[in-house]
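This report concerns only the one structure given below.
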Amino acid sequence: MRDSRETFVNHAFVTGFPVKHSRSPLIHGYWLKQLGIAGSYRAHEVSPEDFPDFMRRLKSGAAGFCGGNVTIPHKEAAFRLSDRPDKLSAELGAANTLWVEGGEICATNTDGQGFVANLDERAKGWDRISTAVVLGAGGASRAVIQAVRDRGIKAIHVVNRTPARAQELADRFGAAVHAHPLGALSEVMAGAGLFINTTSLGMDGEPAPDIDFSMMAKEAVVTDIVYVPLKTPLLRQAEEQGFAIVDGLGMLLHQAVPGFEKWFGRRPVVDDTLRQIIIRDMDSHK
Ligand code: ATR
């Protein structure tokens, strides 16, 4: 017989392949402890061939999880195999957050919300602009473009080494989004109020090209979704040229908020202690 005092303890996961590099367990572990919630959140590695079976076990309850996060390379499969993907994930064709409701797997994508929440926190008023420039047209750039468009930014210029990939995103995200080759970068940056790097250029100490930000609007914000290193070569250049910069770590922290709320029933707050925990972890892996 069930003890009337028994409380349900929710268990959540992050899955990827590999997944051991994920910092999500640190983030959710911090919030669980801070809020005194007796749940768990752990990394659970699943190979691409085993992922459909994992989704079946999630749905039936056999996996023992109420939901979780999905990272590379499972984001597209998570969307496809979910029962109730929301509008955001459907437009992206990729999901990063899953939860089980009424025996069905629900899916969303919180990367874009994380991106704008980071700007809202660190560059208040950033959205009083009419033009944004997005460098890169890979998987990571999609959620960013969607979120910036949904905030009402009128013109979003996507600049990419392979112009066809940028065009694909312009076709997907509608009239506000325009595709350009790399050669057009300076031209589209003129007067723009936001510059977003979504490429891996300058990641992990790799060299990055020199970019002249000087033709952007005086109060423009430059941000990078890469957060290792925290101050990427691109952000350093922008700062030296007198522009406000926002690093990518906050996007990682803020994208985690909606999932935690779904699984554990409380909306957590991104605070500086959490940010410092992740920075310390990054430093320890240098
Ligand atoms: P992610 O899912 O992390 O965005 P991706 O899909 O491999 O990764 O996309 C990486 C992005 O960085 C792409 O826009 C890529 O340009 P291409 O579409 O032309 O490949 C861009 N990128 C990577 N290395 C680059 C380089 N050396 N110069 C310019 N762009 C680069």
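Backbone N, Cα and C define each Cβ position, glycine as well.
In TrEMBL, annotation is done automatically, which means it is predicted and not curated.
Long-range Cβ contacts of LYS75 (active site, proton acceptor) within its own chain (separation 6+, distance under 8 Å): ALA94, ALA95, ASN96, ASN109, GLY139. Residues annotated as active site, proton acceptor in TrEMBL: LYS75.
For the recorded site, ASP111 (shikimate binding site), the DSSP three-state label reads helix. Close to ASP111 (shikimate binding site) in the fold, though at least 6 residues off in sequence, lie ASN96, ALA140, ALA143, VAL144, ALA147, MET251, GLN255, each with a CB less than 8 Å from its CB. The shikimate binding site annotation in TrEMBL covers SER22, ARG23, SER24, THR71, ASN96, ASP111, TYR227, GLN255.
Per TrEMBL, NADP(+) binding site is recorded for GLY136, ALA137, GLY138, GLY139, ALA140, ASN160, ARG161, THR162, PRO163, ALA164, ARG165, ILE225, GLY248. Long-range C-beta contacts of ARG165 (NADP(+) binding site), restricted to its own chain and to partners at least six residues apart, with a cutoff below 8 Å, comprise ALA137, GLY138. According to DSSP, ARG165 (NADP(+) binding site) is assigned to a helical segment.
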Quiz item: Out of SER22, LYS75, ASN96, GLY136, ALA140, which recorded positions lie by ligand 1, with a C-beta less than 6 Å from some atom of it?
Solution: GLY136, ALA140
Quiz item: Once near-sequence residues are set aside, which residues in the chain of ARG161 (NADP(+) binding site), 6 or more away, have Cβ atoms under 8 Å from its Cβ?
Solution: PRO181, LEU182
Quiz item: Among GLY136, ALA137, GLY138, GLY139, ALA140, ASN160, ARG161, THR162, PRO163, ALA164, ARG165, ILE225, GLY248, which the record lists as binding NADP(+), how far apart in Å are the two most distant Cα atoms?
Solution: 26
Quiz prompt | Among SER22, SER24, TYR227, which are recorded as binding-site residues, the nearest neighbour of PRO163 (NADP(+) binding site) by Cα | solution = TYR227
Quiz item: How many whole Å apart are the CA atoms of TYR227 (shikimate binding site) and GLY248 (NADP(+) binding site)?
Solution: 5
Exercise. May I ask which residues of the same chain, at least 6 positions away in sequence, place their Cβ under 8 angstroms from the Cβ of THR71 (shikimate binding site)?
Key: VAL14, THR15, GLY16, VAL19, SER22, SER24, ASN96
